Amino acid sequence: MRAISFVLRRVGVERFRRIPAVVEEQAMYSTESTCPKVSLSNGLKIPIIGLGTSHHGGYSHDAVLYALRECGVRHIDTAKRYGCEEQLGKAVRESGILREDLWLTTKLWPGEYGFNTAKQACRDSCSRLGVEYLDLYLMHWPDAMVPGRSNREVRAETWRALEELYDEGVCRAIGVSNFLVSHLEELKEDCGVVPHVNQVEYHPFQQPGELLAYCRREGIVFEGYCPLAKGQALSHPVILQMAQKYGRTPSQICIRWSIQNRVVTIPKSTKKERILENCQVFGFELEGADMASLGRLHDGRHMSWDPTHVE
């Protein structure tokens with residue numbers, strides 16, 4: 001198979017070491033304890049909690065500055081599609097936080113899939129963010145949306161561009177978002193580097209157990225977005241009962257459940273008080289029975305895009 005010779009010839013066996021996601025206690029987060037980090041298969045460590053951004057009012061300059069300066073946030077997730085890379089770069093510079101102390105993730109939209117366009121898009125994102133490198137660069141969606149070409153072919157071509165960016169040091173880690181097991185299996189067969197991260201929707205109502213287990217087996221760090229189910233989880237009776245039991249807010253229960261499952265979690269907010277609240281999840285621990293109760297809330301609903309039917 002092409003992938004075997006490609007691995008040995010181009011990237012070497014060591015790049016395929018599969019290191020289990022290891023949580024390490026490091027970095028002060030808000031006023032509570034420490035923010036754990038999760039090890040990627042290449043040895044880098046990503047903070048288990050980050051601040052998500054989005055389009056349609058999902059970015060606030062003041063909120064990002066507050067997160068960085070006052071809450072100790074050191075992991076920020078964005079995307080070219082969100083349209084806020086330039087503003088985010090300005091906030092990072094104004095924060096005074098050293099670049100090497102930050103974890104910055106952005107994403108490549110399918111409209112720029114393809115070898116040359118992907119490489120240029122990555123460099124353009126770096127330029128807008130005002131950085132020389134990205135900590136993590138993700139393919140945003142498995143559907144390539146290219147007429148006359150298969151998704152598999154375009155994904156493989158695009159991934160090879162990300163591999164080159166990784167080799168060149170423009171990206172310290174590379175990964176995908178919204179990819180299912182079938183998409184990951186094809187990528188593994190066609191290319192050389194197993195994705196370091198797969199970022200997907202993850203909350204008590206959407207728990208893709210098979211995908212999570214696959215990523216763990218393959219050494220792919222599982223990262224979850226939409227951890228509060230766009231607010232729907234905050235009124236669920238089970239979660240409200242736990243919030244009362246632990247003296248915490250419903251959002252803290254949801255985020256704590258996610259990180260106790262060793263899932264890198266990126267809650268979004270443009271409100272300072274919510275950002276602080278979402279960071280304060282390291283001073284308590286959910287009991288096993290409560291973790292199991294939340295695990296039973298899965299009903300398969302999606303709050304965001306559903307990639308199930310993408311070939």
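The backbone N, Cα and C atoms fix where each Cβ goes, glycine too.
Copied over from TrEMBL:
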- 49-294: domain 'NADP-dependent oxidoreductase' (DOMAIN)
- Y82: active site, proton donor (ACT_SITE)
- K107: site 'Lowers pKa of active site Tyr' (SITE)
- H140: substrate binding site (BINDING)
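If you take every residue in the domain 'NADP-dependent oxidoreductase' (49-294) and average the pLDDT, you get 97. K107 (site 'Lowers pKa of active site Tyr') sits 5 Å from the residue listed as 'substrate binding site', taking the Cα positions as reference. Note on the recorded positions K107, H140: the fewest other CB atoms within 10 A surround the CB of H140. Reported as a whole number, the C-alpha separation between H140 (substrate binding site) and Y82 (active site, proton donor) equals 11 Å.
Within the same chain, residues at least 6 positions away in sequence whose Cβ sits under 8 Å from that of Y82 (active site, proton donor) are T53, S54, H55, G58, Y59.
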